[in-house]
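Residues or ranges marked as substrate binding site in Swiss-Prot: Asp15, Ser16, Tyr47, Gly48, Asn79, Thr80, Thr190, His191. Swiss-Prot lists Cys78, Cys189 with the feature active site, proton donor/acceptor.
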Amino acid sequence: MNKNSPELHPIGVFDSGVGGLTVVRALMERLPFENILYFGDTARVPYGVKSVETINAYARQITEFLLRQEVKLLIIACNTMAAVARQSVESLSPVPVLDVIDAGARRAVAETRTHSVGVIGTPTTINSNAYARAICRLAPETRIFSQACALLVPLVEEGWLDHPVTRLTAQEYLRPVLAEHIDTLVLGCTHYPLLKALLQDVAGPDIHLVDSAEAMADATAELLQVQHLTNPERIPPEYRFYVTDVPLRFQQIGERFLGRSLPGVERVQL
């Protein structure tokens with residue numbers, strides 16, 4: 001096959017930091033022969049405190065960089081960018097664009113039986129109402145109960161994945177959501193899959209957790225098949241990682257998110 005065939009081109013995944021590596025991990029497991037290129041804007045994280053105009057400008061810069069790498073698909077693995085900048089990305093991109101919010105919302109609608117869905121995420125994501133809007137577009141009858149969980153991201157990055165402090169914090173955050181008798185809980189932050197076992201334990205066995213990273217991987221597999229973009233080669237894929245800064249403990253945190261060693265990371269300037 002011609003090396004310029006679109007099927008052989010990489011999937012481009014981007015985030016403001018390291019959280020999107022949970023999406024890369026899910027893609028590696030779901031699509032083991034796909035080449036993947038990851039971009040983390042680690043010099044300018046967090047995006048949540050930035051203006052809408054700034055986030056859109058950053059998203060356009062990243063999109064242009066990834067398109068120069070000849071990606072066949074763009075995945076917005078950052079909830080903040082997905083909530084604010086998807087239209088900016090789509091307006092620039094000649095290739096398909098997917099995002100974690102849409103994937104998580106679709107999975108939640110498919111899974112809920114009582115039309116009562118909880119959503120947890122960072123304050124920025126929750127305040128944007130992006131998940132609620134996406135779910136309501138798909139199923140207007142759904143009752144949605146959202147909860148901002150400001151402390152979970154730093155606890156994950158500290159590595160306290162099953163720490164008593166993390167468990168107590170999760171219990172406090174989930175209490176009002178669980179009181180609404182939801183049957184489905186969306187993990188609306190790419191850090192949260194690392195807390196999946198703890199959150200399931202706190203929520204109880206009757207609550208279905210929607211892992212937006214897994215949902216994103218499934219949506220990607222479906223799109224590649226429909227658009228005939230699946231890589232037909234059965235050889236070890238190439239993974240490339242780009243960042244705008246290599247902050248303290250980046251390697252350690254990145255490997256925790258990816259679930260394997262993080263190969264050579266290249267620092268770039270936009």
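Backbone N, Cα and C define each Cβ position, glycine as well.
These figures come from a predicted structure and were not determined experimentally.
Cβ atoms within 8 Å of the centroid of the Cβ atoms of Asp15, Ser16, Tyr47, Gly48, Asn79, Thr80, Thr190, His191 (the substrate site) belong to the same-chain residues Gly17, Gly19, Gly20, Val45, Pro46, Cys78, Met81, Thr122, Thr124, Thr125, Cys189, site residues excluded. Once the Cα atoms of Asp15, Ser16, Tyr47, Gly48, Asn79, Thr80, Thr190, His191, the listed binders of substrate, are compared pairwise, the greatest separation found is 15 Å. Looking at Cys189 (active site, proton donor/acceptor) and Asp15 (substrate binding site), their Cα atoms lie 11 Å from each other.
Annotated pair Gly48 (substrate binding site) and Cys78 (active site, proton donor/acceptor), C-alpha to C-alpha distance, rounded: 10 Å. A coil conformation is recorded for Thr190 (substrate binding site) in the three-state DSSP classification, outside any helix or strand. Tyr47 (substrate binding site) sits 9 Å from Cys78 (active site, proton donor/acceptor), taking the Cα positions as reference. You'll find the Cα of Thr190 (substrate binding site) roughly 7 Å from the Cα of Cys78 (active site, proton donor/acceptor). When the active-site residues Cys78, Cys189 are compared by the number of other CB atoms within 10 angstroms of each CB, Cys189 has the fewest.
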